[in-house]
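Structure first, commentary second.
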Amino acid sequence: MGGVPWKRVELVALVLYALGFYLVVIRRSLRLSHDYSGRLYGLRAGSLAGHLNDLSDAQWRNFRGNLPILTVVMGAFLIVVNTLRYCYGLKGQGTALLWLILSLSYLYYLHGACVVFILLISLINYSIVKLFAHYKYCTSLIWSFNLSVVILNRVYEGYSFSSFGENLAFLDNYRGTFRWHICFNFVVLRMISFGCDYCWTIHSSHFDHKKHMQRCQVCYSGKTCYFALQERGLNVDRYTFLMYLCYLTYAPLYIAGPIVGYNAFAAQLEVPQKNYSFTQISWYGLRWILNFLLMEGMTHFFHYNSFVVSRLWQKLSPFEVFIISYGVLNFMWLKFFLIWRYFRFWSLVGGVETPENMPRCINNCHDLESFWKSWHASFNRWLVRYLYIPLGGSRRKLLSIWVIFTFVAVWHDLEWKLVSWAWLTCLFFVPEILVKSLSNKFQASRSLGMLVHREFKAIAGAVTISCLMVANLVGYVVGPSGIKVLISKMAGKEALPALAFIFTTFYVGVKLMFHIREASSSQG
């Protein structure tokens, strides 16, 4: 009982510090956005209190601009699919055919004649899977083919029809409104998923559903969780070309995900998801609208991303560089949160449950492992199933992370700044893995007191957040070319007070995260 008052006092002190920190950050952010507004790129006429709107991020600008027509398409598709499914009792192959017809019309609008490239590559991958599935090296062949596709698509920028003959050159005038090879990176993940799931089903599935039910509250209640849908193999006759094409082109998840495995997708075309009720899905949509309004307020009042695009961060003080970097990370998190939840909502209404991509706020992650489990979480699950475990899992963790993060960088784009980000992340990951291993040993032997161990974890968490900030600064803010400028700003004596304040803030943030986790576990 004596520890309870002490923790309450600590919590009050931490909250007061956090409030003071955010007041400072908000005031400085407002001043920076106001003072530099005339020199920032990407600002457009806004609709809130006469403020300019930061639309310097192309991905957010395109999504926001196309949101009205996208919502009309979503509504039309869902009405057609759900009406026909209800009237004619469509399941499995029938639902797949319906979604395939609608999805191909969607793809034709997006990519025009380039849909031919998508179908051709998909057919080659399907043929490889079906021809070599019984051989042990099949998964290696699938991976080799799809990695080659990712690289060649980027090198040749989606290819031109004229390169295949002058008589096809006219098709280059009908390439649609969206570059097909950008979206195709998600299709590559689905092609690998289909191939591996089929091969593993043929060679036997080792998923113990009874053991899983004892640990899973969803499955124990009589429903079926996403993990169970994904891990248990389907009958071999469910891996058809029709279902495969529907899976690759499924409209709600085609552009941005979230990523769903083939087994889980095909199972839900047969029996639509029942884990989310109508009320829960409606509340999910309402929360999305509220978060969209939050984003509108953020981009109108705080022009973080525009500072990066304009490269004006080089003229700021070390503390102001931190504020811009912290703001950009929060902007990126909210941007992806909105994009992924929009398409997940579309998929849920269509009867297909996918993993939640952003299950936890970016400001509630104090180690690299939890950060990557909570940022693009469906991709994380995909990497674990199709790359991490086949590479040896926890037995070869220190080596496999280099392969995994390099793949993640190449999959996103062929840019050195992304490879630099990947390798920096791995460099920071290695000490965390070693420290966690030592920490677990200390816990097991009870050689450290709870207080000392808690403080050690808080300091380690602050170091990890600092490393994350550096890696993301290089990957998304300054780039490899700006490292020298960044180091020169942060290495001087005048930067020491700012660095001390930043590290203290991270330490306080980690301690607050401890309190949040403890409160959540006590309620659970």
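Glycine residues also receive a Cβ, built from the backbone N, Cα and C atoms like all the rest.
As recorded in TrEMBL, the features of this protein are as follows:
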- 12-30: transmembrane segment (TRANSMEM)
- 67-86: transmembrane segment (TRANSMEM)
- 106-126: transmembrane segment (TRANSMEM)
- 241-265: transmembrane segment (TRANSMEM)
- 286-303: transmembrane segment (TRANSMEM)
- 323-343: transmembrane segment (TRANSMEM)
- 398-414: transmembrane segment (TRANSMEM)
- 420-438: transmembrane segment (TRANSMEM)
- 459-483: transmembrane segment (TRANSMEM)
- 495-514: transmembrane segment (TRANSMEM)
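Two recorded stretches are said to be in contact when at least 3 C-beta pairs lie under 8 angstroms, sequence spacing 6 or more; the transmembrane segment (495-514) and the transmembrane segment (12-30) meet this definition. The transmembrane segment (241-265) shares the most Cβ pairs under 8 Å with 106-126, out of the stretches 12-30, 106-126, 286-303, 398-414. With a threshold of 8 Å between CB atoms, the same-chain residues lying at least 6 positions outside the transmembrane segment (286-303) that come near it are 29-30, 32-33, 36-37, 40, 43, 46-49, 51-56, 60, 327, 330-331, 334-335, 337-338, 341-342, 345.
It is 12-30 that, among the stretches 12-30, 67-86, 106-126, 398-414, forms the most Cβ pairs under 8 Å with the transmembrane segment (323-343).
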